[in-house]
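Data first, discussion second: the structure below is written as structure tokens.
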Amino acid sequence: MEQIILILMLFIAINCAFKLSLWKWWQAGIYSLIVAAFTLLACPYAILQSKTQIADYLQNTEALQNMAVIITLESALCFGFCVTYLRGLYGKKNPWWAELLWWYPSLLLFPVVFCCLTEAIFTFVGMSFTTIACIVATSVLVLIPVLAWAVKYFVPEKDLRLEIHFLVSLFVCILGLLTTVNGKTVYAAVDEPVNWNAVILALSLFAGLFIVGYVWSRIKYPLIQKRNKKKERNKITINQ
């Protein structure tokens, strides 16, 4: 369970780096400064944590469900950003709220940094808590812009970075839903015979809608092409 959560935190950091690679360097620097300040301010709360409390938290069904909701909302915002940004690349006008998605980096990185700070305190026993917090804050301050620059350097195409950002967001969403389940059975399965009528009805409905959509696409696009050609001919005739 802990290994899966570590993988989840790693992909959250990678996803944030891909998002920041679309920003300017000084914007990523401001965000890293905010995260570093959060690290220093969170030190008094991190030293109060214990491995027993963390283990109890991972067994708390309500807390895990709340975490799953937050991860899902974060992923939904990333999906919305990818769609609106792609529309902008193709010259389409986005609504005003799309600008808010652009300036939303990642809030999930804050609990990831807090977890890293807590693990550092557990690991470096005997070292001053303030020193550990300063080291972690400095690492965050340097690594966030460096990772964003590295992503931009190795993946220079914006559309490819956007695609990877979308795929990583989808993976984070799925992995978040999987890791926030503690194995407790909420609804017990009921033994009952298979309702073949309902199965056949569902398959028939799916097949019917698929055929309708396929036929409609075969009819729609030729009509659109003919209409566009007709408009071009009319423009040429008017210009002549």
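Including glycine, each Cβ sits where the backbone N, Cα and C put it.
Record features, source TrEMBL:
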TRANSMEM  6-23  transmembrane segment
TRANSMEM  30-48  transmembrane segment
TRANSMEM  68-89  transmembrane segment
TRANSMEM  101-122  transmembrane segment
TRANSMEM  128-150  transmembrane segment
TRANSMEM  162-182  transmembrane segment
TRANSMEM  194-217  transmembrane segment
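Note on the transmembrane segment (6-23): residues 31, 78, 81, 85, 105-106, 108-109, 112, 115-116, 144-145, 147-152, 155, 158, 161-162, 164-165, 168-169, 171-172, 175-176, 179 of its chain, located 6 or more positions outside it, place their CB under 8 angstroms from a CB of the stretch. Long-range Cβ contacts of the transmembrane segment (162-182) within its own chain (Cβ-Cβ under 8 Å, at least 6 residues beyond either end) map to 1, 4-5, 7-8, 11-12, 14-15, 18-19, 22, 58-59, 61, 64-65, 67-68, 71-72, 74-76, 78-79, 81-82, 85-86, 89, 108, 155. Most Cβ pairs within less than 8 Å of the transmembrane segment (101-122), among stretches 30-48, 68-89, 128-150, belong to 30-48. Under 8 Å from some Cβ of the transmembrane segment (30-48) lie the Cβ atoms of residues 20, 23, 105, 109-110, 113-114, 117-118, 121, 129-130, 132-134, 136-138, 140-145, all in the same chain and six or more residues away from its ends.
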